[in-house]
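Written below as structure tokens is the structure these notes are about.
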Amino acid sequence: MEKQVDVLIIGAGISGIGLAVHLSKNCPQRKFEILERRESFGGTWDLFRYPGIRSDSDMSTFGFNFKPWAKDKVLASGAEIKGYLSDVISENQLKDKIHFGHRVLSANYDSTKKKWLVEIEDNNKKKQTWSANFVMGCTGYYNYDQGYAPKFPKQEDFKGQFIHPQHWPENLDYTGKKVVIIGSGATAITLVPSMVKGGAGHVTMLQRSPTYIATIPSIDFIYEKTRKFMSEETAYKFTRARNIGMQRGIYALAQKYPKTVRRLLLKGIELQLKGKVDMKHFTPSYNPWDQRLCVVPDGDLFKALREGQASVETDQIEKFTANGIQLKSGKHLEADIVISATGLEIQILGGVQGSIDGKPMNTSQHMLYQGVMVSDVPNMAMIIGYINASWTLKVDIAADYICRLINHMDKNGFDEVIAHADPSQRENDTIMGKMSSGYIARAADVMPKQGKQAPWKITNNYLADRKELKDAKFNDGVLEFHKRGEQTANRKPKLVS
């Protein structure tokens, strides 16, 4: 028998849990359920188990607006974040709303019934169909089954362990081992000091090109001080507002004065290295925030490099050998373990094939209305967090907008909403904008497209988005509402090419 729900949330990570709380508080009349393919909640924070896994943005802004992160630790570990999410689930009675081990295979919108028919498979390979008025994509934007794994020349000759961080072996013993980490992004710069601390013999970070890295304190001393003469709530609000402003300010400065921000970042790195490491390894060729700015707590990466427990090589791989990696410069890196921290493989909606009346959708041909609603697709929203600020900031304001939209529809007796796009608004860039990171560049045929102007342009500006989504009117000429039984004219879903 077909199970029916009002709102079906795909994914029980940060986005799905956040949306569920907002729905329970603001749309109590609506029944919702969460489908999660894994056996636990948390998304990223359940999947990644490598040493040192942590947030890369401050927890005062990474925490939900309805549950303060009331600690002075700036960056939290994966386990701490999952514990925080566990508390959110318990405090909001969400446990029975989450269906673990349920993979969504496909979702087809029936324009006559004004409902989504969603095919699901559980871990026992048993299939079932659910129907839903709304489908909410809260799956993040990468493939949980595999990361980006380029094939290196002669990789099969290597006799040691070859590991991708997305599939970290349980109880891996790297004590005294020579470790080479390929990559220079957030994962690599987290792994290096963590594996040094964990007893690795030596850790080498092998990169093709440098990344901008900023040092931040591990403890928020200002928050620590303000709590002594302010209430807990006031101190938290002050800290959150300050950090939101700092995030936005640094990004805006980098866009307007890239040379100045570059000079400041490089000076900060130089002070950390203290002449012990050549600055060429930390001097990128691109401008700050053309790729995501990485952060390290208390300069832990630079400390490991200064003390000789770790090293960095900027070079290209010629081939693997039985006991390491031969570089094009002629240098050979000996390794017992090689870790390929080479990035993510982008995937939208968790790989779910969407369709409208049986006609397949191609997400790369759609835009996002107000950064939330999928263009020309009825009753579907997608929550994708910020690339230049804490992910959760977008979750909160997007979820609040979705709740307002649903309540507007209920008040007026509508069953369907469609954000009709003007094709001339569609840019070639994806919703990630001008970001040049490798994993984003590889996703051009998967990611929704950027729009030229509001309400289709993704600004990645939390302060502007918060005001826009809070004040947004639903009778703007873009959103079209229908009741069951009405014919929907001229809908042309984008076919898979």
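Every residue, even glycine, has its Cβ placed from backbone N, Cα and C.
As written in Swiss-Prot, here are the features:
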BINDING   Ser15, Glu36, Asp56, Phe62, Val104, Val395  FAD binding site
BINDING   Arg54, Ser55, Asp56, Ser184, Gly185, Ala186, Thr187, Ala188, Ile189, Thr190, Arg208, Ser209, Arg292, Leu293  NADP(+) binding site
TRANSMEM  4-24  transmembrane segment
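Shown here: features listed in Swiss-Prot, placed on the structure.
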residue : record               : Cβ contacts under 8 Å, 6 or more apart
Ser15   : FAD binding site     : Gly43, Cys138, Thr139, Gly140, Ile383, Ile384, Gly385, Trp391, Val395
Glu36   : FAD binding site     : Gly11, Ala12, Gly16, Ile98, His99, Phe100, Gly101, His102
Arg54   : NADP(+) binding site : Leu75, Ala76, Ser77, Gly78, Thr190, Pro297
Asp56   : FAD binding site     : Leu75, Ala186, Cys294, Val295
Val104  : FAD binding site     : Ile10, Leu35, Arg37, Val118, Glu119, Ile120, Gly350, Val352
Thr187  : NADP(+) binding site : Tyr50, Pro165, Ala341
Ile189  : NADP(+) binding site : Met205, Thr211, Ile213, Cys294, Val296, Leu301
Arg208  : NADP(+) binding site : Ser184, Thr314, Asp315, Gln316
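Taking the C-alpha positions, the distance from Phe62 (FAD binding site) to Gly185 (NADP(+) binding site) comes to 20 Å.
Using a Cβ-Cβ cut-off under 8 Å and counting only residues 6 or more beyond its ends in the same chain, the transmembrane segment (4-24) has close neighbours at 30-36, 38, 41-46, 64, 66, 85, 88-89, 92-94, 97-98, 100, 104, 116, 118, 130-140, 349-350, 352, 383-385, 391-392, 395-396, 398-400, 402-403, 406. In the three-state DSSP assignment, the secondary structure recorded for Arg54 (NADP(+) binding site) is strand. When secondary structure is read from DSSP and collapsed to three states, Gly185 (NADP(+) binding site) falls in the coil class. For the binding site of NADP(+), formed by Arg54, Ser55, Asp56, Ser184, Gly185, Ala186, Thr187, Ala188, Ile189, Thr190, Arg208, Ser209, Arg292, Leu293 according to the record, the largest Cα to Cα distance is 24 Å, rounded to a whole number. With a 10 A radius on its CB, Val395 (FAD binding site) counts 26 other CB atoms from all the protein chains. Spread of the FAD binding residues is 29 Å (greatest Cα-Cα distance among Ser15, Glu36, Asp56, Phe62, Val104, Val395). The DSSP secondary structure for Val104 (FAD binding site) is strand.
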